[in-house]
Amino acid sequence: MVKVWNIVLRLVVLLFLAGNTLLLILMIISGATDHYPVNRFYWVQGNTTGIPNAGDETRWTFWGACLQDKDGSDTCTSNLAPAYPISPVDNFNTHINVPHQFISKRDAFYYLTRFSFCFFWIALAFVGVSFILYVLTWCSKMLSEMVLILMSFGFVFNTAAVVLQTAASAMAKNAFHDDHRSAQLGASMMGMAWASVFLCIVEFILLVFWSVRARLASTYSIDNSRYRTSSRWNPFHREKEQATDPILTATGPEDMQQSASIVGPSSNANPVTATAATENQPKGINFFTIRKSHERPDDVSV
């Protein structure tokens with residue numbers, strides 16, 4: 001059952017990485033073509049009637065501003081450029097009939113959208129490489145840590161890009177409304193952007209879970225291998241034998257006479273009693289042993 005759950009979770013992470021990569025690609029190609037469904041992907045749409053060099057409606061996409069005529073046709077080929085800002089002043093090179101907030105907050109619109117453009121590309125690079133390497137982790141577990149690191153950077157840049165672009169689009173919508181012009185956010189584009197952020201969060205959590213679990217499993221396996229190695233019988237290992245304490249007793253003339261008087265001349269004394277008496281004696285170590293010599297009293301050895 002555990003293996004089944006592992007396979008299911010791996011497939012979920014793989015599916016989320018693939019979906020996240022696809023969402024980022026769809027956002028990046030918005031504005032690159034006039035065909036359906038890509039022409040439905042835009043950040044914000046506003047009424048630009050009366051602004052020179054602009055159409056009746058203008059949609060700001062990832063690559064630039066798409067002009068929409070009254071018949072509903074889109075023209076996205078004339079105003080395309082990398083890091084195209086949501087700024088009618090810079091897009092149409094005019095201040096005439098441009099909403100006032102686009103003029104007073106020109107720098108904010110300019111830098112928010114340009115930085116988000118760069119961050120989206122960086123996020124796509126990290127997420128895309130993470131997706132490719134995660135497929136290879138099924139064959140080699142050495143790439144798991146690298147996938148986690150790359151996905152962490154992808155999560156940070158993707159979230160930053162979506163936050164910056166959402167802020168710029170909301171400010172643009174409010175600027176059109178303050179000038180009594182109609183404007184709306186692109187629901188499809190915003191949905192894909194925040195869906196990619198959600199997928200990044202889920203992917204990051206799952207990858208951290210897998211990394212921590214792999215570390216714990218490796219540590220547990222190492223401990224078990226050490227235990228098994230130490231518990232095996234080694235023919236070249238010899239356990240130390242416990243040395244018995246020597247029992248030394250002092251023997252002298254008086255002791256010999258006392259023992260002789262106790263035992264007596266009879267040779268049929270009970271050896272068990274003598275052994276028990278010997279065991280009951282207090283054990284200790286006497287450093288001096290005196291031996292009696294019949295030849296000379298001076299031959300006493302220490």
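Every residue, even glycine, has its Cβ placed from backbone N, Cα and C.
Some features that Swiss-Prot has for this protein:
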- Asn47: N-linked glycosylation site (CARBOHYD)
- Ser293: phosphoserine (MOD_RES)
- Ser301: phosphoserine (MOD_RES)
- 1-10: topological domain 'Cytoplasmic' (TOPO_DOM)
- 32-114: topological domain 'Extracellular' (TOPO_DOM)
- 136-145: topological domain 'Cytoplasmic' (TOPO_DOM)
- 167-189: topological domain 'Extracellular' (TOPO_DOM)
- 211-302: topological domain 'Cytoplasmic' (TOPO_DOM)
- 11-31: transmembrane segment (TRANSMEM)
- 115-135: transmembrane segment (TRANSMEM)
- 146-166: transmembrane segment (TRANSMEM)
- 190-210: transmembrane segment (TRANSMEM)
Count the residues of the topological domain 'Cytoplasmic' (136-145) that DSSP assigns to helix (H, G, I), to strand (E, B) and to coil, and report the three numbers in that order.
6 helix, 0 strand, 4 coil
Counted with DSSP (H/G/I as helix, E/B as strand, rest coil), the topological domain 'Cytoplasmic' (1-10) has 9 helix, 0 strand, 1 coil
Per-state residue totals over the topological domain 'Extracellular' (32-114) - DSSP helix, strand, coil:
22 helix, 16 strand, 45 coil
Counting by DSSP secondary structure, give me helix, strand and coil numbers for the topological domain 'Extracellular' (167-189).
15 helix, 3 strand, 5 coil
Using a Cβ-Cβ cut-off of under 8 Å, list the residues of the same chain that are 6+ residues beyond the ends of the topological domain 'Extracellular' (167-189) and lie near it.
27, 30, 40-49, 59-61, 86, 99-102, 105, 108-109, 112-113, 116
When you scan the chain for residues with a C-beta under 8 Å from the topological domain 'Cytoplasmic' (136-145), skipping those not six or more beyond its ends, what do you find?
10, 207, 210-211, 214
Long-range CB partners for the topological domain 'Cytoplasmic' (1-10) (under 8 A, at least six residues beyond its ends), listed in sequence order, are 138, 206, 210
